[in-house]
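Database features, via TrEMBL:
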- 1-20: region 'Disordered' (REGION)
- 1-18: compositional bias 'Pro residues' (COMPBIAS)
- 26-44: transmembrane segment (TRANSMEM)
- 83-225: domain 'Multidrug resistance protein MdtA-like barrel-sandwich hybrid' (DOMAIN)
- 124-191: domain 'Multidrug resistance protein MdtA-like alpha-helical hairpin' (DOMAIN)
- 229-312: domain 'Multidrug resistance protein MdtA-like beta-barrel' (DOMAIN)
- 316-377: domain 'Multidrug resistance protein MdtA-like C-terminal permuted SH3' (DOMAIN)
- 386-436: region 'Disordered' (REGION)
- 386-402: compositional bias 'Low complexity' (COMPBIAS)
């Protein structure tokens, strides 16, 4: 007999495990992130400089000793020694003009003629009156001689004798008056012939022949200007007058150089010969005057020019190129090159300059080195690599040469040299400041 199979208990299933497909990508991503981090860290360590910042390439100059002119720059005006307006000295019709406009004339040269006929007639009348009065004088003298004899004999009243003496004196006075009238008419005739009082150049014609002119009538006959020699007038500030006076009163010659208004061309040289006797209170300046030969007549009356007055010359002055001088929070300073090719900010006291070089009164000594180009990339303690000087920079004017046209060159004041000194090339002409 078959028996029904005994039911077996179901087999116990193993516990479910998370699928590996979910864990694998996470592990891979984690490994990739770690590797990327390691690579970045390695790269950062590899690019880190081992020896500090790179050295900056700059231009270096050596501090030298040399002469430096102490100069004053100013705006000036060419002022002729003589400018004369020729005026008629009597009245009459202008009959002739004997000059060409713009012509050079000599002293005494004929300029114009006024009709002299009325004065010639007046002279003839005065001469006739003289003849009449001379006859009366001679008659009075004859009567006086006769009255003298009669008076000695007591034949006439004594009063008659004295009266005749007075008649003689009156006759003598009348003759003198006639002679004076004749001289006046002769002078008037001379005034009709107008001549140049000085040598110079005439201007444009002010009156034409045929016009009636009167004594001292404006605008006159013509204007004559003496062209050579000439002078230049300019003003300097009162704080610079002391040095100028000291040199001028000692008998020293103070040279003056004149440049055109653009400060691009030298026109003339001369010397200071006069200082005004008072200060202009409105401007705090005093006017100076220098003589100029002007043989080539390059200087024109009333022309505006730039003037450089050399007051003195400093000998064995400490000189640096002007672009080396900087101005900032420390004041005036330079970048001093140290022995290990690093730079340090070094304060200095400035003296005069000529546009190319500046005098260092204190703070530097000859032989030290300063940075002249590339200063905008420097800081205190920065490393540098000196570059070879460019030929153009080496061609600067030698120490002791005269001031460059437009260079400030102010005695005791070089502040204007470095209003932005690093951007100003040595020797660049700059316009002169009024009374600076």
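Cβ coordinates come from backbone N, Cα and C, glycine included.
Unlike curated records, TrEMBL annotations are generated automatically.
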Work out, from DSSP, the number of helix, strand and coil residues along the domain 'Multidrug resistance protein MdtA-like C-terminal permuted SH3' (316-377). 6 helix, 38 strand, 18 coil
Structural state census, the domain 'Multidrug resistance protein MdtA-like alpha-helical hairpin' (124-191) (DSSP three-state): 63 helix, 0 strand, 5 coil
Limited to the domain 'Multidrug resistance protein MdtA-like barrel-sandwich hybrid' (83-225), I'd like the whole-number average of pLDDT. 94
Residue counts for the domain 'Multidrug resistance protein MdtA-like beta-barrel' (229-312) under DSSP, helix then strand then coil, are 12 helix, 41 strand, 31 coil
